[in-house]
Amino acid sequence: MSSIDPKQFGKVAVLLGGNSAEREVSLNSGRLVLQGLRDAGVDAHPFDPAERPLAALKEEGFVRAFNALHGGYGENGQIQGALDFYGIKYTGSGVLGSALGLDKFRTKLVWQQLGIPTPPFEAVLRGDDYEARSKEIVAKLGLPLFVKPASEGSSVAVIKVKSADALPAALIEAVKYDKIVVVEKSVEGGGEYTACIAGNLDLPVIRIVPAGEFYDYHAKYIANDTQYLIPCGLAADEEARLKVLARRAFDVLGCTDWGRADFMLDADGNPYFLEVNTAPGMTDHSLPPKAARAVGISYQELVVGVLALTLQD
């Protein structure tokens, strides 16, 4: 990556913490981002919106923000709208891309309309008859299924359901986190992958092999036995094709600059996109630093490069 004068950035806030279910992940990400930026000579400071009003950013002379918030208002367009209002440049997607990207239900609706392959699904609303909906969904989609709150990240409250009897309880648990729940047909046979996006960098696809049944919160941030395969094992031309498709899945939602697109392959190698992440984790377990490191880009270079994307607007 080309050398960047850290003075170009001015005073930078690293947004971290927040009040979503992913607060601890965000704190971990933010601390590492902060250290990486400071090591590069950037005038960076921590800022937790759960503890201080956003107006303080403008009052204290911040001109730029690295968004290390995860979930909730940090990813759903609210923080982005406030930063736009205060005239502060920020990393990641804008209001529309952030709002759509966090909402798995509406993401899948857009993808369906535009021909991006995504697993068959049904939506369940808080207050529905969970027993009746469970019977309808199993009859339509079969088993196994994944139950996901529409607007939580880091696999918070994601439940794999293998029997029809277990689905109502999974729905009852998921609606505690969101009023809309996505019930998605499980894609089996070809593995789970992610394509990391950071400007024009050509980052490798990563295959994720969790020790447990799927890549849940524990596998993402706690376990040390999750395998991340780089190279991912796909033929070079197939990997290149999937990176192009991942970029399209990201772009059609209005997402910009950097993030991730996660997908599964079935037994025949057909891809099914699950979600995008517009503010990916940046912990020592997280995927973008792993992808960057595989092509010789250090953590410090990555965070400075992501921040540098705010200079292009």
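Backbone N, Cα and C atoms are what each Cβ position is placed from, and that goes for glycine too.
Straight from Swiss-Prot, the features:
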type	residues	note
DOMAIN	108-308	domain 'ATP-grasp'
BINDING	138-193	ATP binding site
BINDING	Asp262, Glu275	Mg(2+) 1 binding site
BINDING	Glu275, Asn277	Mg(2+) 2 binding site
Checklist entry - About how far apart, in whole Å, are the alpha carbons (Cα) of Leu145 (ATP binding site) and Asp262 (Mg(2+) 1 binding site)? => result 17
Checklist outcome for this item: Of the binding-site residues listed (Glu173, Glu275), the greatest number of other CB atoms within 10 A surrounds the CB of Glu275
Checklist outcome for this item: Counting other C-beta atoms within 10 angstroms, the emptiest spot among the binding-site residues Leu145, Ile159, Ala166, Val187 is Ala166
Checklist entry - Between the binding-site residues Asp262, Glu275, Asn277, which lies closest to Ile180 (ATP binding site), Cα to Cα? => result Glu275
Checklist outcome for this item: Filtered by Cβ under 8 Å and at least 6 apart in sequence, the residues in the chain of Val138 (ATP binding site) near it are Leu145, Ala164, Leu167
Checklist entry - CA-CA, which of the binding-site residues Ile159, Glu173, Val187, Asn277 lies nearest Asp262 (Mg(2+) 1 binding site)? => result Asn277
